[in-house]
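> This is the structure, below, for whatever I ask next.
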Amino acid sequence: MPLRLDVKRKLTARSDRVKSVDLHPTEPWMLASLYNGNVHVWNIESQQLIKSFEVCDLPVRASRFVARKNWVVTGSDDMQVRVYNYNTLERVHQFEAHSDYVRCIAVHPTQPFILTCSDDMTIKLWNWEMKWSCQQIFEGHSHYVMQIVINPKDNNTFASASLDRLVKVWQLGSSQPNFTLEGHQRGVNCVDYYHGGDKPYLISGADDSLVKIWDYQNKTCVQTLEGHSQNVSSVSFHPELPIILTGSEDCTVRVWHANTYRLENTLNYGLDRVWCICSLSGSNNVALGYDEGSVMIKVGREEPAMSMDVSGKIVWARHSEIQQANLKAIGGGEETLDGERLPLAVKDLGACDIYPQTIAHNPNGRFVVVCGDGEYIIYTAMALRNKAFGQALEFVWALDSSEYAIRESNFTVKLFKNFKEKKSFKPDFGCEGIYGGYLLGCRSSATGLAFYDWETQELVRRIEIQPRLVFWSENGDYVCIATDENYFILKYSTEAVTNARENKEGVTEDGIEEAFSLVGEVQEVVKTGKWVGDCFIYTNSVNRLNYYVGGEIVTIAHLDRTLYLLGYLAKENRLYLGDKELNVVSYELLVSVLEYQTAVMRRDFATADRVLPTVPSQHRTRVAHFLEKQGFKKQALAVSTDPEHRFDLALSLGELDVCEQLATAAGSEHKWRLVAELAQQRGRLETAQTCLLRAHDYPGLLLQATAAGNATLIKEVGVEAEGQGRNNVAFLSHFLSGNLRECLNLLIKTNRVPEAAFFARTYLPSEVSRVVGLWKGVAGEKVGQSLADPAQYDNLFPGFKDALKTQQFHESRIKPIPATSSPSVKGNHERDPLEEMRAAEAAGTFVYVSPDGDDAEFVDAPQQPPQSGLQSLLDSESYLPSAPPDPAAATAASTIPFTPSPPSPQPSPPPAAATLSLDPLIPTPAPQLVSDTIDEEMVSDADDLEVKDAGLDKVENLSENVVPPMVEEEQEQITEHSDLMKEAQSVETDICSPEEEEEEEEDGNAFDDWEEQDDDSVKVPPKEDFLTGAGDVDLISASVGDKTDTAEEKVSDDGEADDGAGEAGASAPRRIIGWDEDDVEDWGLEQKKNESLGGSGGGATGRAAIDQAQLERELELDLEKVRIEDSIDANDINLDEEELLAD
């Protein structure tokens, strides 16, 4: 029978003529050197050109990988040897190796040597660790040296082929050849060594179209292979398979049997002449180089011929040698690590008469069958004695150890029992493959897979599937059918088959329908597999070791290379696998876990409970996952030791107490949220509240509090959220609970001052001034200039007084509303707060109480020119803080008539307690701008004085001896013009320079006049008691040109006023600012000048323009005798230069 070798083409790379090929030992790369001077590296798996080197313009006849150095070494017709790093594509070294074409390069497997041969008839040895120095030159050939190859069994010897018709064998260190082989009639092109240890053979190919096999120990030719019609350009002994590959210029590659020398196959891929062949140890891949490109083929199967019996004895074939290893002989002193190579003691059983392709033990392990070359031989497993043999395409064992079947052809299957033929039958639809196990499986490309009974050969079931492998469990209950894309787990019912045959029901032409039931389908490609109990253990195409049980896939290990499953030893709790180099490794797999899972699958819970205590704790979580997949979540919760898994199980089962315990142990916010959700579902709101608090889930707490109508909880959520920095939730909580001031403070605290200002304007009008002051402080100079305070610019805020009243009205009526009243309570969208306040005010149920204790109106003071006499004092009241007045003082002031103070030589000291607060609330000014606010220290050094304002009905208790005596005519004049002065919309004010002050004093200052009066009825205090020193200034108008300089002026408060302040025990005394008629006229002229130079455009507030006509009419009034008495501290006057030009 011919050798059964499958040949598959894996890569075809079109290119220029290929002169040499090589395979990388670890990467899926093929190296090809081309006649055009380039070198290509192809990826076999992706079939892509991944690297390319432009070596020279002449043919590159040789190239080799040096994997341990990451190099590609090339030799070309320019006599140069070049070394490249194939990772960086950089040239590492270059030197001239020969005086003619470099034909071949051989890399020493262990030493830092390369051998090169050339048309100069020499062979040279190069050492790359000695800076590529030439260590030795081998001379002896009389023609071109075409190829050299190192002996794989003795690395110190190598063979060379030359066109002088000779093959020579050399020794490193010796300049003379060991021996010469003669026999070819024409030049020898190629040579190779046999890799097996049983034969000392060489092979050579020559231009005489012959291939010769040499015994280099006897120096004789043992075989000549004839078949090629042109020059033989390349030959190769395959290192793994018993085949010889020869390539010729007749465009064919011939495959010969290495033992019988029979021609097995001829390959022709239509790429013209063949120039080179390369095979790799440990691989079935073969690279071929042609005139028009290169081809990669895979010959045979890479799975090693290995088998393990139930007792732990492993038998494998190394080439034609059968060897045995016993796992029980491994010393138990050291613990075996998963994936570690086992130190096996190998025993040679002898040579096999055929080349083994597969080896398989029978179920009881007493016999082993070796298949290959279309034959089979059954040996005893212990002594390798021949028990039976025959010709067969395939061989399979039944579950009964004495039964087996062979496939003689595509139509005939023979059954044997006790090594005697029992039955021969022909399947209905042919047989292209057979599978052993509980039932005999026959594959047909037309109808799929058919299962037959071993005893009766009756059809049990036909399944339309094209299987690649079939695995039966030990008791025959389950079967795994693996295809090229996935695998199926089926359950076989013996009872259903028996009943159908007895009752003749359910039997069709496709067999018995109830015979199999589908358990599961998995999208994985099975390489090798084995059943242990009801668990199917397998390796897949991505090198993972898994097992399937009850619908669950458990990964045992990730493999670093391709491994093949051998078997499982329950006593050792280990799973054994082998690789193609015949190394054996093991992985732990507890038999107790498998027994428990098997018992659960069989619903044998008594056995499962008995086995569970034997499962180690570190493996119980795996068991719990299995139980969960089977639907036994309560048992899984009891078995699992993983807190995460237990929490998930308890959560799915609704075990709230267990979840709470696990969440407490874990301290995970995510777990607390899940527990809170479960508690809410169960109606345990207190537990849910605790869980949400531990999870810091303030949105959830707020949702629960609002849903339950728990106002106390809403307030607590606001406090907790603010403490944790959850500002959004804190703001919403404060807002819902009505804590508007907390909302405002939170906005300010988080630097959301603009939002705070708008919030205050909407909900807390009484806080607007304070927030606007803060806004000016943080907004910057330019932005701060455009911000208006309602306390100073009430004309820009229509209805602000009503807003204050409405705030006070609703704050006085805040009360909880019971839920039962909700149908009768209007919604906020249906209410009008202003109308409610006005209705209450009209009904007399609400009386507005000013924050200052009076009914003060907001006056846009900086927009008005300074007024004379008492009116200026009254207007200055708008700057006073909103501190409650002294009730006693207010009562006293209402009963005292307005009369001048009695004469006194010295000013009376101020009272111990002032009527007004001395800590004014002044809005924060913009940086580097002059403040337009005046605090109330203006009355700190004065005696009590009763002032009445008929328009405002305000009474203030001022200090005595501050206002100089005034005639009734002046008072009446002030009264007549007070309303006109209030209507002025803006005024530009500035601080007079000391020179202007002196000019005013020369012109006749009001205070100088007071000192010169001889009226004995009025005693005027000395000037130094109520005036400032040299730095005193008057408040007058300034021109646009002087505005900037004046605004930057700093006025110090030095002189006698400091002493007066010390005596009064209060802050620095205020300056009395005089304003005579000339000053008023100058103020009007400068006002016109300002308008001519820039008007109101100089301001940043964008206020309305001044009514110039009205202003002039007011300035034409007779104010000769009007005196402006005011006490203003220059340090408190910071007039905004932008506001000087506003409106």
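Using the three backbone atoms N, Cα and C, a Cβ is placed for every residue, glycine included.
So TrEMBL lists the following for this protein:
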type	residues	note
REPEAT	11-52	repeat 'WD'
REPEAT	95-127	repeat 'WD'
REPEAT	138-180	repeat 'WD'
REPEAT	181-224	repeat 'WD'
REPEAT	225-266	repeat 'WD'
DOMAIN	319-579	domain 'COPA/B second beta-propeller'
DOMAIN	596-776	domain 'COPA/B TPR'
REGION	813-832	region 'Disordered'
REGION	851-935	region 'Disordered'
COMPBIAS	866-876	compositional bias 'Low complexity'
COMPBIAS	888-898	compositional bias 'Low complexity'
COMPBIAS	899-912	compositional bias 'Pro residues'
REGION	956-1103	region 'Disordered'
COMPBIAS	993-1015	compositional bias 'Acidic residues'
COMPBIAS	1016-1026	compositional bias 'Basic and acidic residues'
COMPBIAS	1042-1053	compositional bias 'Basic and acidic residues'
COMPBIAS	1075-1084	compositional bias 'Acidic residues'
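Looking at the shown structure, can you explain where the listed features end up?
Long-range contacts of the repeat 'WD' (11-52) within the same chain, counting only residues at least 6 positions beyond its ends with a Cβ under 8 Å from a Cβ of the stretch, are 58-65, 67, 72, 74, 76, 84, 86, 89, 104, 269, 275-283, 285, 287-296.
On the 0 to 100 pLDDT scale, the repeat 'WD' (95-127) averages 96 in the predicted structure.
Each residue of the repeat 'WD' (138-180) gets a DSSP state, and the totals for helix, strand and coil are 0 helix, 22 strand, 21 coil.
Within the chain, the repeat 'WD' (181-224) has long-range Cβ neighbours (under 8 A, six or more residues past its boundaries) at 143-144, 146-153, 159-169, 230-239, 244, 246, 248, 256, 258, 261, 281, 319-321, 351.
Within the same chain, residues 709, 711, 738 sit at least 6 positions outside the region 'Disordered' (813-832) and bring their C-beta atoms closer than 8 Å to a C-beta of that stretch.
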> By DSSP, what is the split of the repeat 'WD' (95-127) into helix, strand and coil residues?
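Going by DSSP assignments, the repeat 'WD' (95-127) contains 0 helix, 20 strand, 13 coil.
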